[in-house]
Structure formats: C-alpha cells, structure tokens
Ligand SMILES: O=C(O)[C@H](O)[C@H](O)COP(=O)(O)O
C-alpha cells in the first residue's frame with residue numbers, strides 16, 4: 001500500500017526537504033498555475049523561488065486549445081518567463097480543427113456530401129480529438145465518417161473536465177465521447193497520463209527521472225503520469241479537480257507523494 005502523502009502547507013522544514021530532492025519540476029497548468037484566466041496568488045513568486053534555487057521548470061499541459069506559441073504569450077502576460085523549445089514544427093498536414101468554414105450548423109447538403117464521401121479528403125489517415133470550444137454536429141459527423149473509413153482514432157487527452165473560473169467544465173474526454181459512443185471504441189490518448197508524452201518530454205529536456213517531480217491537480221492524469229513515469233516525486237495541489245478524499249483511506253489506486261493546498265504554499 002502506498003504511504004499517505006505528506007501535507008506540506010505550513011511545514012517549512014518539510015517543504016525545504018521536499019524541494020531539495022529535485023532538480024526538475026514538471027508543472028501541469030490548468031488548476032495548478034491558473035484557473036482559466038485567473039492566475040492563482042503566489043504562482044509567479046513560487047516559480048521564481050524555484051528558479052532562484054537552480055531548478056529547471058517544464059510546463060506540461062493537456063490543454064490543446066492553444067499552440068506552444070500561444071502558451072508562451074499567456075505565460076508572458078501572466079509574468080511567468082518561459083522559453084518555447086520548438087526546434088522544428090511537426091509538418092503534419094491537417095484539416096478541420098479551427099477551420100472557420102466548419103463553424104456552422106449542418107445542412108442537408110452536408111449530410112448528402114458526407115454520406116457520399118465527396119465532403120471527405122481521401123488523404124486523411126487519423127482523427128485527432130482535443131479540447132474544442134467550438135465543437136459542433138458538423139465536425140462530429142465528419143470525424144465519424146473518417147473513422148468509419150478506417151482513420152486511426154487519436155485523442156490529445158481524455159480528461160473528463162476542465163477547471164476554469166473556479167469551477168469545472170467539459171474536458172477533452174467529453175469532446176471525444178460522442179465519437180466513442182458511435183464507433184464503440186476508445187481513442188489512443190497521447191497526453192498525460194500516456195507515457196508517450198513523458199518520453200517526448202524526457203527526449204527534449206534530458207532530465208534524470210529520479211530527480212524530477214510532477215506537480216498537478218488531477219490524480220488520474222498528472223499524478224498518475226508522474227508515478228507511472230518513474231519520477232522521483234509527485235506533488236498534488238488542491239486548486240483544481242482532485243480532492244484529498246480521493247487519496248485518503250486504504251487501497252486508493254493513485255496517491256501523490258505530497259500535497260499542498262495551493263502552489264503558492266511552497267514559498268513556506
Ligand atoms: O479537457 C482538457 O483538455 C483538460 O481539462 C485541460 O486541457 C487540462 O489541462 P492541464 O490541466 O493538463 O493543463
């Protein structure tokens with residue numbers, strides 16, 4: 001049985017010992033640094049404090065509504081300095097997504113063209129579902145028909161919910177759910193807790209897993225990601241999705257190494 005996590009809020013000595021164990025901190029974003037556009041009090045100072053101790057900080061989000069460049073802008077605007085380590089773009093041709101011509105109600109002509117296949121691009125080999133604030137019936141219909149024709153079913157992540165403005169909203173898993181219902185199978189999910197994501201991060205940032213700590217608000221994505229990735233530590237915060245009741249008690253499947261009420265508590 002995993003030992004109960006250490007509660008670090010207000011424990012100066014415990015916080016110091018915890019931080020000293022790691023060289024690298026992987027930060028989940030939504031629910032840890034901010035909730036939507038609301039930056040949590042103490043976030044900037046805490047990241048600054050960790051940087052001043054020589055820690056490497058890596059931001060690891062499942063949120064696919066923004067590109068890395070957009071995240072860089074959001075971090076800059078919130079006073080969190082960050083570099084975008086994008087060496088080459090992926091060069092994967094794609095369609096759909098944010099295409100404005102899809103932001104409308106489906107028409108009888110769409111039904112006919114999708115059914116006949118004339119509205120479908122024959123070169124499409126995969127359908128990738130992510131968090132989409134403009135999800136609609138037309139996009140779902142196109143995605144379903146690509147899947148029916150044999151396209152690989154992928155998801156950026158399958159989080160059930162998105163923390164924003166201090167509440168929960170439908171997450172990326174709720175976006176792919178209608179397709180799951182239709183095709184009767186789950187997508188291959190590439191974001192946290194998938195270790196494909198951990199391997200990609202490790203490949204890019206070259207850190208020692210035993211000296212890295214994952215900080216997150218969700219047990220089923222962030223904390224599980226850190227544990228299954230063999231990281232030296234995991235730290236849960238209570239400003240997002242998971243509650244401490246989820247790891248308290250016996251036989252809980254995912255238990256963080258430590259937790260704080262909020263990230264800013266790491267300032268001691
Ligand atoms: O549904 C989603 O995609 C997630 O709730 C959201 O993107 C989570 O982002 P993260 O907590 O990984 O920053």
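Including glycine, each Cβ sits where the backbone N, Cα and C put it.
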To which of 132, 199, 217, 220 does TrEMBL also attribute binding of Mg(2+) at the site defined by 28, 30?
217
Roughly how many Å lie between the Cα atoms of residue 192 (substrate binding site) and residue 28 (Mg(2+) binding site), rounded to a whole value?
10
Neighbours of 28, 30, 217 excl. site residues, C-beta within 8 Å of centre, Mg(2+):
29, 31, 32, 33, 61, 163, 216, 218, 222, 237, 240, 241
Provide the number of Cβ atoms within 10 Å of the Cβ of residue 28 (Mg(2+) binding site), excluding the reference atom itself.
26
